[in-house]
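This report concerns only the one structure given below.
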Amino acid sequence: MSSSRPVALVTGANKGIGFAITRDLCRKFSGDVVLAARDEERGQTAVQKLQAEGLSPRFHQLDIDNPQSIRALRDFLLKEYGGLDVLVNNAGIAFKVNDDTPFHIQAEVTMKTNFFGTRDVCKELLPLIKPQGRVVNVSSMVSLRALKNCRLELQQKFRSETITEEELVGLMNKFVEDTKKGVHAEEGWPNSAYGVTKIGVTVLSRILARKLNEQRRGDKILLNACCPGWVRTDMAGPKATKSPEEGAETPVYLALLPPDAEGPHGQFVQDKKVEPW
């Protein structure tokens with residue numbers, strides 16, 4: 001028996017920006033908030049931390065690299081809630097700048113999670129999004145920087161209003177293949193594997209927003225990519241300028257856009273403002 005209670009889900013939520021987004025949604029969202037994390041133990045510890053603050057998130061395991069794990073979460077949401085109101089795709093990985101893992105392996109591993117994992121979550125969970133639902137894909141300003149460092153022909157493809165999901169997948173796979181062959185620089189790619197994966201997330205968001213316009217126009221679902229800023233997390237390190245709480249502001253703003261909001265939709269948003277892509 002599914003409850004009609006609204007529900008919000010945050011992925012990669014056991015620490016950093018994801019944890020801060022979950023905390024803020026627990027305070028502001030009128031419904032249940034599901035904290036999803038790959039590691040059950042760390043996820044439960046994060047839930048206990050929030051419970052100690054008087055908040056009551058629910059936990060569900062989610063490894064976005066594992067299609068079975070995504071489907072288990074989908075089934076849970078359908079059974080318990082009959083759908084999903086807010087989806088925040090925050091889970092992602094990055095290698096440290098000084099990591100000596102070969103670049104092609106960094107490219108493959110980062111792409112698998114940041115782009116393909118996020119895409120798989122969208123594939124399974126977007127059909128569950130209820131009318132006036134909100135979807136937020138956490139991208140990065142690094143994607144904009146990486147875009148500007150791509151060869152012009154690649155930039156034009158990534159900025160195209162008509163690029164298809166299949167074409168985008170082809171380009172993401174080509175980047176990984178080019179790194180394996182050691183030709184990514186001469187093929188016009190930038191030197192940031194993380195940056196290219198986040199170009200993928202931003203462009204995927206534009207494509208999915210367009211699909212929602214075509215297939216579910218009357219449902220007023222808003223889907224955006226955003227940059228939380230340079231945030232002090234395990235990923236970005238201690239020198240970053242924003243706290244995780246400050247990093248959560250834009251994702252939470254997009255997750256809680258009022259029901260009558262016309263936009264933003266299909267945009268790249270930073271500091272609550274639409275950035276030109």
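Keep in mind that glycine also has a Cβ here, set from the backbone N, Cα and C atoms.
Annotated active site, proton acceptor per Swiss-Prot: Tyr194, in sequence order, evidence recorded as sequence analysis. Under the heading NADP(+) binding site, Swiss-Prot lists 10-34, 63-64, Asn90, 194-198, 231-233, citing similarity to another entry as support. Residues or ranges marked as N-acetylserine by Swiss-Prot: Ser2. The feature region 'Disordered' is assigned by Swiss-Prot to 258-277.
Structure with Swiss-Prot features highlighted.
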{"residue": "Val10", "record": "NADP(+) binding site", "Cβ within 10 Å": "35"}
{"residue": "Lys15", "record": "NADP(+) binding site", "Cβ within 10 Å": "18"}
{"residue": "Ala20", "record": "NADP(+) binding site", "Cβ within 10 Å": "25"}
{"residue": "Leu25", "record": "NADP(+) binding site", "Cβ within 10 Å": "27"}
{"residue": "Ser30", "record": "NADP(+) binding site", "Cβ within 10 Å": "9"}
{"residue": "Asp63", "record": "NADP(+) binding site", "Cβ within 10 Å": "19"}
{"residue": "Tyr194", "record": "active site, proton acceptor", "Cβ within 10 Å": "22"}
{"residue": "Val196", "record": "NADP(+) binding site", "Cβ within 10 Å": "30"}
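Helix, strand and coil residue tallies for the region 'Disordered' (258-277), in that order: 0 helix, 6 strand, 14 coil [DSSP]. The two recorded residues, Leu25 (NADP(+) binding site) and the residue listed as 'active site, proton acceptor', show a Cα separation of 27 Å. For the pair Ser30 (NADP(+) binding site) and Tyr194 (active site, proton acceptor), the Cα-Cα distance reads 34 Å. Following the DSSP three-state reduction, the secondary structure of Val196 (NADP(+) binding site) is helix.
Taking the Cα atom of each, Ala20 (NADP(+) binding site) and the residue listed as 'active site, proton acceptor' are about 22 angstrom apart. Distance from the CA of Asp63 (NADP(+) binding site) to the CA of Tyr194 (active site, proton acceptor) is 19 Å.
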